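For reference, Swiss-Prot has these:
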type: ACT_SITE; residues: Cys31; note: active site, thioimide intermediate
type: ACT_SITE; residues: Asp38; note: active site, proton donor
type: BINDING; residues: Val53, Glu54, Leu55, Tyr72, Glu73; note: substrate binding site
Amino acid sequence: MKKEILEVFDNTFPGRDYTIEIVNPEFTSVCPITALPDFGTIIIRYIPDKSCVELKSLKYYFLEFRNAGIFYENITNTILDDLTSVLQPREMTVITQWKARGGITETVSVTWPQKQ
């Protein structure tokens, strides 16, 4: 995915811890095994430091996954890695909730920094 698409703007309250939650209920990708579409919800929660992610750029970043054959776990970790490298937040959690396939749903979550 092209993390260069992601744009940021200055956090005007860097001295205060507050949480930003972003939800994308229409995320799509492709199963790398079956080539069938996968549908999910992406939830991003973060405490910004010096910058915040600009939402239009995030939308276009998400569209990069639309035709990519990629596993749920890889999507979740890639989003976290890309956003933390661009934003350098104080804390971030990415949760992906996937629609049922064969009657089974999956939720994947990852947090940065990792708890010791």
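Using N, Cα and C of the backbone, Cβ positions are placed for all residues, glycine too.
Since the structure is predicted, the reported quantities are computational estimates derived from the model, not experimental observations.
Recorded features from Swiss-Prot, shown on the structure.
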residue : record                              : DSSP class
Cys31   : active site, thioimide intermediate : coil
Asp38   : active site, proton donor           : strand
Val53   : substrate binding site              : strand
Tyr72   : substrate binding site              : helix
Alpha-carbon spacing, the residue listed as 'active site, proton donor' to Cys31 (active site, thioimide intermediate), which is rounded to whole Å: 6
Sparsest-packed of the listed recorded positions (Cys31, Val53, Leu55) - C-beta count within 10 angstroms: Leu55
Cβ neighbour count (within 10 Å, all chains shown) around Glu54 (substrate binding site): 12
CB within-chain contacts under 8 A for Glu73 (substrate binding site), separation at least 6: Val108
C-beta crowding around Asp38 (active site, proton donor), within 10 angstroms: 22
Under 8 Å by Cβ from Tyr72 (substrate binding site), same chain, sequence gap 6 or more: Asp38, Gly40, Thr96, Trp98, Glu106, Val108
Site diameter for substrate, Å, by largest Cα distance between Val53, Glu54, Leu55, Tyr72, Glu73: 24
Cα-to-Cα gap, Val53 (substrate binding site) vs the residue listed as 'active site, thioimide intermediate', nearest whole Å: 27
